[in-house]
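Have a look at the structure below, then the notes.
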Amino acid sequence: MRAFGRLREERLRLRPEFPVKMDGMWAIFAQRPVARAVAIFAALNLLTVLLFTLLVPGRSQLKPDSIPLQNPQEVLWRVSLALLTYLVILWALRPGRRSWWETALLAAFGAGVVGWLTNYYMPFLALGIVPVVARYFLPLPWVLSLVIALAGLSGWWSVRQPLQLTLEVKLTQIPTRSESISARPVPTNPTAQTSFWVFITVLYAGYSLFALELLVREAKARQALELAQRELEEASRQAGMLAERQRLAREIHDTLAQNFASVVVHLEAAEGALGSPNAVSHISQARSTAREGLSEARRLVWALRPELLEGVPLPEALQQLLRRWQSASSQEARFTLAGEPRPLHPEIELSLLRITQEALNNVRKHAQANLVNVTLSYLEGLVMLDIQDDGVGIDPRATNSGGFGLRSIRERVEALGGEFTVESEPGRGTILAVSLPEFPAPKPKVGGPR
């Protein structure tokens with residue numbers, strides 16, 4: 001087994017999987033990595049805010065012997081509000097452009113979240129939600145301005161309306177009473193409290209933006225990688241089409257054009273020799289050459305039939321090709337599949353089909369074989385094609401001279417970053433062995449760097 005280099009293995013590892021088509025809100029997570037990062041990070045911060053609001057009473061709801069977590073109605077209210085907020089976030093992250101009224105509605109909802117947290121708790125809690133979602137729509141400088149504004153609001157609000165609260169856990173040994181948690185306001189030092197809340201605000205804002213920016217950058221890098229892979233695939237496909245056109249141009253020039261030129265020469269000679277015995281000979285040779293040209297034209301048209309790979313896996317396409325070739329040549333052909341079949345790059349599949357066609361044409365024209373074995377093997381990061389016949393064999397020196405169509409096969413394989421070998425002895429048949437990666441090698445760039 002022949003292995004390819006580490007760089008090619010890395011490219012194969014990074015090759016994007018076939019995308020799964022998903023509709024609705026699931027598309028946010030499955031196909032849009034930036035939106036997925038924002039949604040996940042906003043959910044984590046929203047969960048933090050929910051826990052804070054369940055454990056700390058609001059300013060107007062402060063009761064001596066209870067916290068919101070002990071009140072089912074308060075729990076239901078806060079959980080419902082958190083779910084509503086997250087649904088609005090998902091709605092904001094959906095694909096497509098936003099109208100002006102949708103943008104205004106989102107801005108008003110964000111301001112409402114900030115106002116509610118400011119009135120009941122502290123504005124710094126909004127730093128984990130509002131700037132995170134805004135980063136999806138706004139550039140980083142605008143989001144930093146929003147963070148600075150919220151941080152300033154938190155610092156000013158901590159002085160104007162300090163949340164002076166401690167939690168006490170009272171454990172009692174009285175059998176008739178259970179454990180209780182009480183919250184009560186206690187006097188604090190305003191200067192120390194202001195410094196504490198400002199520090200918490202700056203730390204929380206910095207952590208939120210730093211973590212989100214890492215997620216966004218990673219998501220955008222993955223998007224750029226996937227886009228580069230798609231562009232590389234398209235460039236490889238275009239290069240493969242160009243190479244195929246050049247190969248067909250050479251074949252047409254070497255076969256049809258030469259045959260037609262010969263027909264014209266013989267017909268002109270027959271025209272000049274009318275009334276002499278040589279005229280019949282020239283006409284006979286022209287007829288024979290025209291038949292050869294017609295046969296070559298049919299072979300080219302047969303090789304270009306596009307339906308072989310249309311909606312059909314490569315192994316099945318090869319079997320169809322062998323059945324057609326067997327019925328046309330009256331020679332036996334067998335197909336063997338090794339490994340687990342899987343979709344390959346379109347250019348790789350097309351090249352394997354074209355190589356098989358060229359090899360079968362060589363067998364028909366030169367090998368004088370009774371049996372042809374075609375083996376397709378799927379290995380890890382690699383696909384191999386072996387074509388073996390029991391014909392007369394060829395001189396190994398012919399593999400490098402370009403005879404029997406082997407040059408076009410070698411050029412095609414090497415252009416894709418694969419390997420091609422020929423094993424043959426006169427009178428003992430021939431084996432063509434092709435190894436190709438799952439993903440074609442990048443084409444060399446023309447010109448210097450830009």
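Heads up, the Cβ atoms here are built off N, Cα and C, so glycines get one too.
For 218-245, the entry in TrEMBL reads coiled coil. Marked as domain 'Histidine kinase' by TrEMBL: 352-440. Per TrEMBL, the feature transmembrane segment maps to 34-55, 75-93, 105-129, 136-157, 196-216.
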DSSP on the domain 'Histidine kinase' (352-440): how many residues come out helix, how many strand, how many coil?
33 helix, 31 strand, 25 coil
Tertiary contacts of the transmembrane segment (34-55), as residues 6+ beyond its ends and Cβ separation under 8 Å
28, 67-69, 74-75, 78-79, 82, 85-86, 89-90, 93, 117, 120-121, 125, 128-129, 132-133, 135-136, 167, 208, 211-212, 215-216, 218-220, 223
As a test of reading the model: what is the averaged pLDDT for the coiled coil (218-245)?
76
